[in-house]
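Novice: First, the structure itself, so that you have it in front of you.
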Amino acid sequence: MSQTPKHIISIVPAAGIGSRMGAEIPKQYLQLNEQSILGHTLDCLLSHPSIEKVIVALNPEDEFFARLPQAQHAKLQAVIGGKERADSVLSALTVAPTDAWALVHDAARPCLNHQDIDKLIESASSFPQGAILGAPVRDTMKRSNAQGLITETVCREKLWHALTPQFFPVQNLKQNLSNALAAGALITDEASAMEWAGVAPGIVAGRADNIKVTHPDDLQLASLFLKSAAQ
């Protein structure tokens, strides 16, 4: 049985603009309970004792990151990201220690907690190939056609919402992600790059409040979750 990885870093792809929020600034810099969404995300990662470094991939025209109080943290390193999430993650992987494992976490998931990080790190003993956080699907799932008509009810058994962080050995993730992008594969998260390479990642049940802020209504929900966690 494998042991817990000795060296762990975190990667935060933060080069996106979040157009679905309809905001004038990238969504990761919107204010949420007195600081930015990205600030909450970084606070959780930077304060975790097992994470040695946090690498943030930024848009080359980013003018907001340097204003964050977390920007000068000793454990933080910024790199230039790419057009797509996968490009940003790959950029960060190029400066990551090759003997480390990487926790890749969405910039716009500010409600992450240390307990879920601990569970994912500990899962390396059971899933030496890597694993992701997930939440079991609770609702009835429907498939529709182009006209918006229901064509099928999908069995939700063994269906999961993929969350982040996603946790993989740096060297393996870098190679598989690079190869997948070179082949023109559609890569939506790190697990999909590993799956493309024939690897079956593990899945670890995480908290359902680890939501991604994508639409305006998500801000209110994230605010409630953060306030509840602080009590």
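Cβ atoms here come from the backbone N, Cα and C positions, even for glycine.
Feature list, courtesy of Swiss-Prot:
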type: SITE; residues: R20; note: site 'Transition state stabilizer'
type: SITE; residues: K27; note: site 'Transition state stabilizer'
type: SITE; residues: R156; note: site 'Positions MEP for the nucleophilic attack'
type: SITE; residues: K212; note: site 'Positions MEP for the nucleophilic attack'
Novice: State which of the following recorded sites has the fewest other Cβ atoms within 10 Å around its Cβ: K27, R156.
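Specialist: Fewest other Cβ atoms within 10 Å, among the recorded sites K27, R156, is found for R156.
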Novice: According to DSSP, collapsed to three classes, what secondary structure does K27 (site 'Transition state stabilizer') have?
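Specialist: Once the DSSP labels are grouped into three classes, K27 (site 'Transition state stabilizer') ends up as helix.
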Novice: Using C-alpha atoms only, work out the spacing between K27 (site 'Transition state stabilizer') and R156 (site 'Positions MEP for the nucleophilic attack') and round it to an integer in Å.
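Specialist: If we compare the Cα positions of K27 (site 'Transition state stabilizer') and R156 (site 'Positions MEP for the nucleophilic attack'), the gap is 31 Å.
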Novice: If one measures from the C-alpha of R156 (site 'Positions MEP for the nucleophilic attack') to the C-alpha of K212 (site 'Positions MEP for the nucleophilic attack'), what distance in angstrom results, rounded to a whole number?
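Specialist: Taking the Cα atoms only, R156 (site 'Positions MEP for the nucleophilic attack') lies 21 Å from K212 (site 'Positions MEP for the nucleophilic attack').
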Novice: Just counting, how many other CB atoms are there within 10 A of the CB of K212 (site 'Positions MEP for the nucleophilic attack')?
Specialist: 18
